[in-house]
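Undergrad: I have a structure here, written as structure tokens, and I will follow up with some questions on it.
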Amino acid sequence: MAGWRLDTKMAQDIVARTMRIIDTNINVMDARGRIIGSGDRERIGELHEGALLVLSQGRVVDIDDAVARHLHGYVRG
């Protein structure tokens, strides 16, 4: 599916459906690390520095308190 992208409307729908099941905040980021869906709608459009770490390192990144202190705008959860 080359060229296919998740848009904000679809990302927000995924977030809403998932949060009804697991009762925790969810964020969905695009390929540039921008939040395109969130349980906290005010965060949509913000840069997610944790996602940038994942994108730059190409692996799962565990964000503990020590790492979180260095992330601008980090929100636990």
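Even glycines carry a Cβ here, placed using N, Cα and C.
Sharing the feature lines straight out of TrEMBL:
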DOMAIN    6-77  domain 'Putative sugar diacid recognition'
Undergrad: What are the helix, strand and coil residue counts for the domain 'Putative sugar diacid recognition' (6-77) according to DSSP?
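TA: Reading the DSSP string over the domain 'Putative sugar diacid recognition' (6-77) gives 31 helix, 9 strand, 32 coil.
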Undergrad: If you average the pLDDT over the domain 'Putative sugar diacid recognition' (6-77), what number do you get?
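TA: So the average pLDDT across the domain 'Putative sugar diacid recognition' (6-77) works out to 92.
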